[in-house]
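Engineer: Quick one: structure below, then a few questions.
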Amino acid sequence: MADNVLRKLIVEICSARNLMPKDGQGTASAYAIVDFDGQRRRTKTKFRDLNPQWDEKLEFFVHDVATMGEEILEINLCNDKKTGKRSTFLGKVKIAGSAFASAGSETLVYYPLEKRSVFSQIKGEIGLKAYYVDENPPAAPAATEPKPEAAAATEEKPPEIAKAEDGKKETEAAKTEEKKEGDKKEEEKPKEEAKPDEKKPDAPPDTKAKKPDTAVAPPPPPAEVKNPPIPQKAETVKQNELGIKPENVNRQDLIGSDLELPSLTRDQNRGGGYDLVDRMPFLYIRVAKAKRAKNDGSNPVYAKLVIGTNGVKTRSQTGKDWDQVFAFEKESLNSTSLEVSVWSEEKIEKEDKTTTTTESCLGTVSFDLQEVPKRVPPDSPLAPQWYTLESEKSPGNDVMLAVWLGTQADEAFQEAWQSDSGGLIPETRSKVYLSPKLWYLRLTVIQTQDLQLGLGSEAKSKIPTTELYVKAQLGPQVFKTARTSIGPSASSSGSGNPTWNEDLVFVASEPFEPFLIVTVEDITNGQSIGQTKIHMGSVERRNDDRTEPKSRWFNLAGDEKKPYSGRIHVKVCLEGGYHVLDEAAHVTSDVRPSAKQLAKPPIGLLEVGIRGATNLLPVKTRDGTRGTTDAYVVAKYGPKWIRTRTILDRFNPRWNEQYTWDVYDPCTVLTIGVFDNGRYKRDESGKQGRDVRVGKIRVRLSTLDMNRIYLNSYTLTVILPSGAKKMGEVEIAVRFSCPSWLSIIQAYVTPMLPRMHYVRPLGPAQQDILRHTAMRIVTARLARSEPPLGQEVVQYMLDTDNHVWSMRRSKANWFRVITFLSRAATIARWIHGIRTWVHPPTTVLVHLLLVAIVLCPHLVLPTVFMYAFLILALRFRYRGRVKVNSVDPRLSCVDSVAPDELDEEFDGFPTTRQPEVVRIRYDRLRALAGRAQTLLGDVAAQGERVEALFNWRDPRATCIFVVFCLFASFLFYIVPFKVFLLGSGFYYIRHPRFRDDMPSVPVNFFRRLPSMSDQIL
């Protein structure tokens, strides 16, 4: 954005719905107060209306265009105090600056009103539009030349008289302006409902402070402002008035409320944050340019840097301007001196027309590394200086360079030649990637008309009906509607109008594909009747289900002989109210809707320090003699992917890089993977290798304490066809910062996904297909970056193969179910022990507890919840304080899996194994499915016995049950309910002496009821 562009934010307050009554008479008199970047505007009051309609536009100036996305627009809906004595707060809405649309692309969005505190009674929603307009500033008016008479008079007057007259004119102008403003206020006073506690606007600055030499014309009258800013009282800006209490945290820059949240995402706080990692000292050398005594600019020149056995040179250039930065890791240096030399290359052509290059040294300058200055940001960069090159053959040459000791936090580090990552190799540099913005594209196929099927007379007699379907294609995605049939008479006359009313949902990524191709095809002859292309730029967008997209007619074009084949009636829209899932639902890291107008402001900040790895195993060989690992780390949270630099040929690499993400939901997962870089080198044919997975960990943010640093080493385990293998450990530091407890509580009580997922849900099978489609789109888009993020890396991070059958995963899920049911089994064993009087004192206490529950039933719920409170409070001390749970190898059953099961897990679709191996696996799967089949039959039989009891399938059993119900009704009518509960309880826990080992009467009766098992073939 150019600096000379003025930006205005337009907030159009349209209407509100279903507000909370506040005046005691079932109505409310609502008005809206809008705050943005220190500016406040107010709408008119709509008296006694729970569905007010304003349609007012409020304008705000954007002071800093670059940081507009970090500002917060807050709308507070209030009830007029004059109409009621109750609370005036009706709700609030906060919109992040990144959700503002440009002029022309704005849409009406209804935001649900949020509570100010937990105890607020708020309901309803407010509809508004927020967009910005860029304007060019008006040209500065040219200074008018004073008239000659006025100028001469001014020159003739003494300085004292001139100053006095100037001051008099300014005083009169100020009085005139104040009078006009006063008249204007008197006119506007009866129109507006001014608050008694409002302050007057600040007075204009004293014009006497500036005394121009020439006469000043009276200022023009002030321009009328449609929405004047509302002065704020000191009490209104307090945080307790807004229901938000700031929470003190460890870091000084994290103190504040959610109104101060944009300060967490400022660049100055992000750029200077390296408190989660260790400072790595680097020796920086900036080689700017060289100057020769003999002005010979024809020969290329380069500089050579030597530190012990480490040497590197700049690129060879004729202009002698390099401006290159070199960063040497201090721990790897084996010398205390730096030698910089400048060399000249000269090409000599021999008699046989061959060219040879000779190099000549122009001079050398040395530095003692113990005397190199240190620089720590935010210090300014060290200015390069001219140094004279010492040379006996070519004296008088100079080189401009700067040498300093810094850390990885230095601004020059990212673009510098780095000694630990192989220099200036693009594939080994740290990068940040962004996933493409994904949308759901909904195509509703309604019907077709005037189809020109073109069947001959012979075809009509052979084919009684014609089956049609509609195929839609967006890029590589192809979806088809169901088949529909039309009769031969309709097909012959061309009057067939088949109707579908079916939705086809695609995944579209920005920038969109140019066209959506819709084709009507005939199944009977396998030919296309006609097709049309819908331009994606003409597709409208909707954010909720309150507005339906407009239906449109498109002509179907056939081949050259039939330019018109009919027309098709469809609805097309981009669904902005959904979140497009591109990862598994249980490890999702982002749940925001596609439309940025619906996005909420971030609630916190996630900071991740990738420190290093230890004891990595070699994954490849170098020079055919020794193993090596070139490791780097990829972290994903939300649409942001980060990739650290690759540390070459080290088993204990240290990255010490820190990154930040905005957090919009605490119940999300951070995914971190370690890989071996195989792409920075090419083979003999020029093809890049593949990156090898080393391990992966996940950190769920909801398990982290806020504003606390977690520094742990996580085991890296990878599943190979030969079995599970421990590849090493990675050291990660994580901190989740959130300045407001209220934002966290609101996040826990709101739905996980946007509203459209619940009002118009997608089917499980359809959502699974769309998720894998989104994964493929993200993988393909990141693979086209430069340098690319490999397909194997993205697939491993997104878990694209989690739907594939795996015996290991099936066992892991089965053991999870068993672990959960084991707690219920423990309770059942405890109750059985009480029934059988294993511990008589406990059974006696249960008798007393049963009597207390029956006699005082109102104490049951308080006792249960108090017991739960005490249990959870006592377990607080045993929570995981230090270690954050990540991938659990034991829970994943990686140690108890057979080699054949692992080989089956790595087998693709279709299988590539031998038929004998496939037969064995199929027989094993049949055995497991047989057990599941028997279990399902037993469960179904229990439900069928209950249905048989009420359907008189066994007349005698149902008759017995009917007689029992009759006597039971008389018994329960006569016997008090408390007596029945005591009797039933005492009978259930009676002493074993009064028990029988045989099954009870109800169990015998239920097992004799018939089921449908005997009717299954």
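Glycine is no exception: its Cβ is also placed from the backbone N, Cα and C atoms.
Per Swiss-Prot, the feature domain 'C2 1' maps to 1-110; the stated evidence is sequence analysis. Residues annotated as compositional bias 'Low complexity' in Swiss-Prot: 141-153. Taken from Swiss-Prot, the feature compositional bias 'Basic and acidic residues' applies to 154-213. Annotation comment: Swiss-Prot describes 217-231 as compositional bias 'Pro residues'. Feature annotation from Swiss-Prot assigns domain 'C2 2' to 258-387; the stated evidence is sequence analysis. According to Swiss-Prot, the Ca(2+) 2 binding site annotation covers ASP296, ASP352, THR355, GLU359, on the basis of sequence analysis. Feature annotation from Swiss-Prot assigns Ca(2+) 1 binding site to ASP296, ASN299, ASP352, THR355; the stated evidence is sequence analysis. The annotation domain 'C2 3' is assigned in Swiss-Prot to 420-554 on the grounds of sequence analysis. According to Swiss-Prot, the feature domain 'C2 4' maps to 587-714, an assignment based on sequence analysis. Residues annotated as transmembrane segment in Swiss-Prot: 851-871, 957-977.
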Engineer: Counting only CB pairs under 8 A, let me know which of 1-110, 258-387, 420-554 has the most with the domain 'C2 4' (587-714).
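Structural biologist: Looking at each of 1-110, 258-387, 420-554 in turn, the most contacts to the domain 'C2 4' (587-714) are made by 420-554.
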Engineer: Test of understanding: give the count of other CB atoms lying within 10 angstroms of the CB of GLU359 (Ca(2+) 2 binding site).
Structural biologist: 11
Engineer: Counting by DSSP, what is the helix, strand and coil composition of the domain 'C2 2' (258-387)?
Structural biologist: 19 helix, 62 strand, 49 coil
Engineer: Where's the emptiest Cβ shell within 10 Å among the binding-site residues ASN299, THR355?
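Structural biologist: Sparsest of the binding-site residues ASN299, THR355 by Cβ contacts within 10 Å: THR355.
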Engineer: In whole Å, how far is ASN299 (Ca(2+) 1 binding site) from GLU359 (Ca(2+) 2 binding site) when you measure between their Cα atoms?
Structural biologist: 10
Engineer: Looking only at the domain 'C2 2' (258-387), what is the model's average confidence as pLDDT?
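Structural biologist: Per the prediction, mean pLDDT sits at 80 for the domain 'C2 2' (258-387).
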Engineer: In whole Å, note down how far the CA of ASN299 (Ca(2+) 1 binding site) lies from the CA of THR355 (Ca(2+) 2 binding site).
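Structural biologist: Cα-Cα distance, THR355 (Ca(2+) 2 binding site) to ASN299 (Ca(2+) 1 binding site): 14 Å.
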